[in-house]
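Note sheet for the following structure.
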Amino acid sequence: MVSFTTLLTAVATAVSAVTASPLEALKRGIQPGTGVHDGYFYSFWTDGRGYVDFNNGPRGSYRVSWSNVNNWVGGKGWNPGPPRRIAYNGTWNNWNVNSYLALYGWTTNPLVEYYIVEAYGSYNPSSGAARLGTIEDDGGVYDIYRTRRINQPSIIGTASFDQYWSVRRQKRVGGTIDTGKHFDEWRRQGNLQLGAWNYMIMATEGYQSSGSAEIEVRSLD
């Protein structure tokens, strides 16, 4: 039997939810960090400027909104993240702001940050980089790039490291990615070496922008 005290508590909770301020609502998302939720690894990082409300959903899904950020990135996937075929879908309507939707991950020894970019907004992440080759995957063409980061945040702290990129010419929000194909072509066409597998997530990233996304990822292997 439900007690009167329990009913009062439920009513108070409901009223509190309705009357919560926007700032309080922002606090309901998870804190920056990494972990496992419903069988999937997640990572959420922010440099602390602006607001990011990141929420894990069932299985490989998450939803996020951000406002006036400097830089943040987060998503769900696997750790470790060896080569695999993945499928993803969702909503990402950040075409007019600086944001990426990408399969994102890291390796160590060597320390490498990599992106397989499916969609981007107002800024092309390959701007200013030399193209090393192309990859065909799931009916689209990706251009391969390498950039270098000096004394920047990484999974081992502040460090210098290479970034490897596959940037899809035909932007999209939904499809499949054969990560092994990208990794092989990075080595073959650009002599881009990867190390020990760290995490791999289907990520949303925002830079000096506001936006939102709802994404789900799953493995096909």
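Note that Cβ sites are derived from N, Cα and C of the backbone, with glycine treated the same way.
Pulled from Swiss-Prot:
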- GLU113: active site, nucleophile (ACT_SITE)
- GLU205: active site, proton donor (ACT_SITE)
- 28-218: domain 'GH11' (DOMAIN)
- ASN89: N-linked glycosylation site (CARBOHYD)
- 1-17: signal peptide (SIGNAL)
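This view paints the features noted in Swiss-Prot onto the structure.
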residue: ASN89; record: N-linked glycosylation site; DSSP class: strand
residue: GLU113; record: active site, nucleophile; DSSP class: strand
residue: GLU205; record: active site, proton donor; DSSP class: strand
Integer Å value for the Cα distance linking GLU113 (active site, nucleophile) with GLU205 (active site, proton donor) is 14
Sort out the sequence-distant neighbours of GLU205 (active site, proton donor) for me: same chain, 6+ apart, CB within less than 8 Å of its CB, listed by position.
-> ASN71, TRP72, VAL73, SER99, TYR100, ALA102, TYR104
Can you check which residues sit near the residue listed as 'N-linked glycosylation site', meaning Cβ under 8 Å from its Cβ, same chain, 6 or more apart in sequence, and list them in order?
-> VAL173, GLY174, ILE215, GLU216
